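Written out below as structure tokens is the structure these notes cover.
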Amino acid sequence: MSAFPPPPEPDAPRVAHVEPAPDAVRGILALADRARADDGVAPFNEQTRLTLGADGGPTLLLAHGTDDDPLGAAVVAHGDAGIEAELVVDPAHRRRGVGRALLDAVLAEAAGSPVSVWAHGDHPAARALADATGLDRARELLQLRASVAEARTGLGERQMPAGVALSSFTADDADDWVALNARAFASHPEQGRMTRGDLDDRVAEAWFDPASLLLARDADGRLAGFHWLKVDGGQAEVYVLGVDPDRAARGLGSALLAAGLDLLAERGHDEVDLYVEADNTPALALYRRAAFRDAAVDVQYRRA
């Protein structure tokens, strides 16, 4: 364990690196679960939870008080474009400088490289902390929610384009899916970088259902689009909806969305969520037409 220089106040939080041992990972995830129960939003995204403790995974920082109980944590991923971090503070220890101590440690970890920090739920305390440390609001990820029935009605009658057939995912489709996902999300900083290993990690999750990953193929067998649904803990989500750029603006996206909503309705789901970038105008237009409404927002703050 390596420690950052302690703050001058004797009772201020101390922040230190910790090895990603199973006990440390379990402790951080338990802390995250407590924060989620209190805030109504998870402090870590799915990729973070999947890579915690993995070889080559993110750096872990823990904040401790005078009695060594963990007060908060930061998960820091290093990449070619700098570092990206997510922070969590135990609800029982907020307003005591823990968040500031963690963020200062993250900024020190960056050593002058660009820094991005996610604030899930756009908590007022996160906004104040970003202002105090000179981080700029750089990106917004919207969480939208809709009644399955209202969303389906909003789309109206939707048929697959001529020559396009739907099927469910099989292991033989994996490489085609990774290739199309990269094309469909070429400009997306996370989704477009998904590898075969990332896909395999998600396929191995308990929530994965191959029948909920709908594939649209042209008559020649080429994968043209997909709609991946996720149902976890009873909550349905439009996990990823992607269309080959060559097939954009031809109705395939709305037809895939409708097909997924029909599947959710058949399975008895009343409500569905999704996440979309705030500046993705075409996708937002589709989802607004389908009666999706704002539910929450995640904000990425950045220092260049």
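Backbone N, Cα and C atoms are what each Cβ position is placed from, and that goes for glycine too.
Among the features that Swiss-Prot reports, domain 'N-acetyltransferase 1' is placed at 16-155, with the record citing sequence analysis. What Swiss-Prot lists as acetyl-CoA 1 binding site is Leu87, Val88, Val89, and the listing cites sequence analysis. Look at Swiss-Prot and you will find 164-304 tagged as domain 'N-acetyltransferase 2'. Taken from Swiss-Prot, the feature acetyl-CoA 2 binding site covers Leu241, Gly242, Val243, Ala248, Ala249, Arg250, Gly251, Leu252, Gly253, Ser254, and the record attributes it to sequence analysis.
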Candidates Gly251, Gly253: member of the binding-site residues with the richest Cβ shell (10 Å): Gly253
Alpha-carbon spacing, Gly251 (acetyl-CoA 2 binding site) to Val89 (acetyl-CoA 1 binding site), which is rounded to whole Å: 44
Between Leu241 (acetyl-CoA 2 binding site) and Val89 (acetyl-CoA 1 binding site): CA-CA distance (Å): 33
Leu87, Val88, Val89 excluded, remaining Cβ within 8 Å of their centroid (acetyl-CoA 1): Leu31, Ala35, Pro43, Gly72, Ala73, Ala74, Glu86, Asp90, Val98, Gly99, Leu102
Val88 (acetyl-CoA 1 binding site) to Gly253 (acetyl-CoA 2 binding site) - Cα separation in whole Å: 36
Lowest local Cβ density (other Cβ within 10 Å) among binding-site residues: Leu87, Leu241, Val243: Leu241
Rounded to the nearest Å - Cα separation of Val243 (acetyl-CoA 2 binding site) and Leu87 (acetyl-CoA 1 binding site): 33
In three-state DSSP terms, the structure that Leu241 (acetyl-CoA 2 binding site) belongs to: strand
Spatial separation of Leu87 (acetyl-CoA 1 binding site) from Leu241 (acetyl-CoA 2 binding site) - C-alpha basis, Å: 28
Coarse DSSP state, helix versus strand versus coil, of Leu87 (acetyl-CoA 1 binding site): strand
Tally of DSSP helical, extended and coil residues in the domain 'N-acetyltransferase 2' (164-304): 55 helix, 46 strand, 40 coil
